[in-house]
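Positions annotated as domain 'Methanolan biosynthesis EpsI' by TrEMBL: 311-507. Residues or ranges marked as transmembrane segment in TrEMBL: 12-40, 60-77, 89-106, 112-131, 138-157, 202-220, 227-254, 266-285, 306-325.
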Amino acid sequence: MNRDFELPLPATALLAASTPVSGTLALAASLILLAFGWTLGWFSSTAAEIGQIWWRSETYAHGLIVLPVFAWIAWRNRDRIAVAQARPAPWMVVPAALAGLGWLLGQLVSVSAASHFFLVALVVITLVGTLGWQLSRVLLFPILFLFFGVPIGDFMLPTLMDYTAEFTVWALRASGVPVYKEGLYFVVPNGCWAVVEACSGIRYLIASLTVGALYAYLNYTSLKRRLLFMLVALAVPIVANWLRAYMIVMLGYLTDNKLAAGVDHLIYGWLFFGVIIFLMFWIGSRWHEEPAGSPAAVPTARAPGRAVWLALVPLFAVAPLFAGLETKLETPAAPFELEVRLPAPAAGWMQADEGVAYRPFYNGQRGEATASYRSPDGGLVTVFAAVFASQQPGHEMVTWGNGLVTPEERGPKLVRGGRSDIDGLRFRNATVVAGSERVRVWQWYRINDRQLIGDAELKLRLAADRMLGLKDASAVALVMSAEKEDPATADARIGAFMKAHGAALDKALDAAAEGAP
């Protein structure tokens with residue numbers, strides 16, 4: 001009998017892979033569960049926040065399918081996983097530490113989006129470091145798909161709403177409908193319309209990107225086609241939302257608001273979006289690519305030894321390290337109050353009992369004050385100031401719900417915004433419509449003797465100061481005047497007030513903040 005013969009390639013691969021298949025799959029599954037369980041266990045509160053957002057928010061409800069899709073795609077690739085080599089990458093501790101630092105900074109300044117993003121990033125990095133490059137390449141798509149679970153995207157709302165309003169008004173005028181536009185609000189001959197958050201298209205955009213990514217992965221093999229389809233999945237929902245908004249307003253206009261003037265316009269919108277997405281996938285199916293039928297590679301490298309696995313200890317130490325730092329730095333503060341004393345009227349100005357009735361929406365402040373002043377020409381200016389300190393959840397100055405207007409649709413409306421400069425200092429300005437009152441507002445922040453106007457800028461400065469051991473006490477100030485004629489007149493009145501009282505007002509804000517423990 002001749003014992004020197006060769007098996008054909010498929011048989012060789014099958015024989016080589018037959019014994020370690022179940023063991024390799026079990027090892028990969030164990031490593032995945034270990035990476036998930038260890039990381040999420042140390043950051044359970046942040047993970048719970050993400051889960052709650054998935055459950056209660058329609059915008060981010062797609063997050064509920066992220067983990068099942070991860071598991072399903074991993075199972076689809078079980079044959080490739082079975083012949084891949086698990087070889088940990090201990091050096092992933094470096095990006096893991098950066099992700100942990102990002103999570104910590106997000107926690108310290110109460111930016112949930114940052115905390116959520118960096119937690120998912122830490123899970124991804126821990127997965128890659130634990131599985132190694134060979135297994136991670138096999139699971140590249142499901143690993144990256146985890147980022148769709150980050151409930152982030154609200155920062156795009158103002159831009160999406162603005163472009164939707166611009167296109168809708170342009171399309172209406174092109175159709176011969178006269179329109180008066182002011183900010184996100186516009187009036188046609190038989191009704192008033194507004195682009196609110198539900199009309200921004202953010203839900204369509206995120207849903208399209210999530211489903212589009214999965215579709216591209218399952219139907220194409222070339223990177224070029226996958227990226228092109230993702231670009232289509234990005235552009236189509238934006239343009240479709242513009243058309244949806246235009247069609248709804250036109251439907252209301254043509255039927256004298258008998259149709260599309262209530263909740264039904266949301267139903268029409270989703271139906272229209274569903275048809276558009278179906279057509280996008282149907283057209284995309286014409287370029288479908290069959291998966292390449294290459295034989296599975298047989299691992300030849302030795303299994304990693306104990307020393308390699310022990311080298312993962314620093315990677316797994318990242319989670320408890322930053323979780324412990326957050327517990328140490330975020331010591332709950334006992335309740336306290338701060339006194340805010342606004343400056344006395346400057347020469348030529350007088351204290352006034354009346355002023356604008358509008359008030360901004362701020363909660364969690366440690367102290368606040370309001371005062372009105374009468375200018376030499378009889379104009380009225382109202383000042384509102386609030387001081388925040390020990391800025392932990394419930395006491396943050398820049399957070400959801402705090403600002404010039406309330407998120408509720410029936411509250412005051414922000415119709416115009418911009419910036420003003422006086423003596424080298426910048427201010428954020430806006431026009432707010434509160435009932436029958438139009439109010440011009442100048443706004444700025446004070447933190448550790450610095451004046452800022454941007455929310456993101458303030459959060460970054462707050463994070464830096466807290467890491468340096470400085471106090472987080474900060475203040476927000478608003479100078480308001482009724483906009484009876486035009487914004488320029490109210491701006492001139494507020495500008496005159498700031499020239500006469502600006503230095504004294506900043507001094508009063510800094511003094512109030514210095515009283516924080």
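Here the Cβ of each residue, glycine as well, is placed from N, Cα and C on the backbone.
Across 60-77, 138-157, 202-220, 266-285, 306-325, the stretch most heavily in contact with the transmembrane segment (227-254), judged by Cβ pairs under 8 Å, is 202-220. Listed by sequence, the residues of this chain that lie at least six past the ends of the transmembrane segment (306-325) yet keep a Cβ under 8 A from its Cβ atoms are 38-39, 41-43, 87-88, 90, 92-93, 96-97, 99-101, 103-104, 122, 126, 129-130. Averaged across the domain 'Methanolan biosynthesis EpsI' (311-507), pLDDT for the predicted model comes to 88. Residues 32, 50, 53-54, 138-139, 141-143, 145-146, 148-149, 151, 153, 206-207, 210-211, 214, 217 of the same chain sit 6 or more residues outside the transmembrane segment (60-77) yet have a Cβ under 8 Å from a Cβ within it. Tertiary neighbourhood of the transmembrane segment (266-285): same-chain residues 198, 204, 208, 211-212, 215-216, 219, 229, 232-233, 236-237, 240-241, 243-244, 247-248, 251, 260, selected by CB-CB distance under 8 Å and a gap of 6+ residues from either end.
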